[in-house]
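Student: Okay, these came from TrEMBL:
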- 2-361: domain 'Amino acid transporter transmembrane' (DOMAIN)
- 30-53: transmembrane segment (TRANSMEM)
- 100-121: transmembrane segment (TRANSMEM)
- 141-159: transmembrane segment (TRANSMEM)
- 190-210: transmembrane segment (TRANSMEM)
- 235-259: transmembrane segment (TRANSMEM)
- 280-300: transmembrane segment (TRANSMEM)
- 306-326: transmembrane segment (TRANSMEM)
- 338-362: transmembrane segment (TRANSMEM)
Amino acid sequence: SILVKLHEAVPGRRYNRYVELAQAAFGEKLGVWLALFPTIYLSAGTATALILVGGETMKLFYQIVCGPLCTPSPISTVEWYLVFTSLAVILSQLPNLNSIAGLSLIGGATAIMYCTMSWVLSVSQQRPAAISYEQVRSTSFGSSLFSTLNALGIIAFAFRGHNLSLEIQATMPSTFKHPAHVPMWRGAKAAYLLIAMCIFPVAIGGYWAYGNMMPQGGILTALYIFHGHDISRGLLAATFLLVVFNCLSSFQIYSMPVFDSFEAFYTGRTNRPCSVWVRSGFRIFYGFISLFIGIALPFLSSLAGLLGGLTLPVTFAYPCFMWICIKKPERFSYSWYVNWGLALLGTAFSLASSVGGVWSIVNTGMKLKFFKPN
């Protein structure tokens, strides 16, 4: 809500990028330092994760469609990552968020469909015989606390994307009589309602269906492992294909802030517009750098809790500080107390989740397998 309203905080001015808003609130240099790095690694980390998920899902889709005739897959997992990245790079040539509105719609629709299909198919099948719902007992209160904090950090990383709200709102027309923050806030509430309708059934249905048998890859991997021979191949293949479509469309949306940063840097340094060839080069470079990171550092998923904690200020702390700096509410007023309280709480939550992520890495260990993806 705060970011939506800060988009037009100054009459006659629209802050179309998160970094622009941070500069207006914290100053030209400090705003860049505080906002540019976390928003870029949020986008880059998401792009890398989408390449890994999309490539692995394409491999599973191929195995389902071919069945016993062409199993195992004739190409490796890394080569499937390359196929997915090539498709994503081709789609990334669309210039801006306005031009990918159709892709965004496809991404939202496919997310709703594959989430619904995954939990419905899971709960409709017989559960594994060795399933258990027994709670894993921690050795101490401290261990339980840090594990909880690490889990909250992973959840926070999953609910990323708030840094994109300003760019999305910038695509809407706005006048003094009909400001853009009104329809944007309605859209945000509708989006969160749809997210809840997707995520909670998946979490509850997945836990009921698989319990402690849930594999590391999540509910989709569980569907393939436990029910690959029970469910119609066409239905199962359609579910995985929807995931691929969603990953391809999401790659464009989450990567757009990085594309904008590249082009703004080029324009600022050369003092000339970014040509089609330069823009294409930036996007190809970014796509294959994300692929390289995913292949070179396959253990990044072990850092999800830590990364989630480090990105929390972008969502929970920075917007409150920005509101105080730009709106300047009266000292000790209700708005002043609420924003300071939420900002400090978000900062504390970020630190706690980061500590939980570090503890998880130290406690469970992390195998640094460079250039050895699963």
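Cβ coordinates come from backbone N, Cα and C, glycine included.
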Student: Can you see whether the transmembrane segment (235-259) and the transmembrane segment (306-326) are touching - at least 3 CB pairs under 8 angstroms, only pairs 6 or more apart in sequence?
Tutor: no
Student: Is the transmembrane segment (338-362) in contact with the transmembrane segment (280-300), using at least 3 Cβ pairs under 8 Å (sequence separation of 6 or more) as the test?
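Tutor: Counting Cβ pairs under 8 Å (6 or more apart in sequence), the transmembrane segment (280-300) does not reach the transmembrane segment (338-362), since there are fewer than 3.
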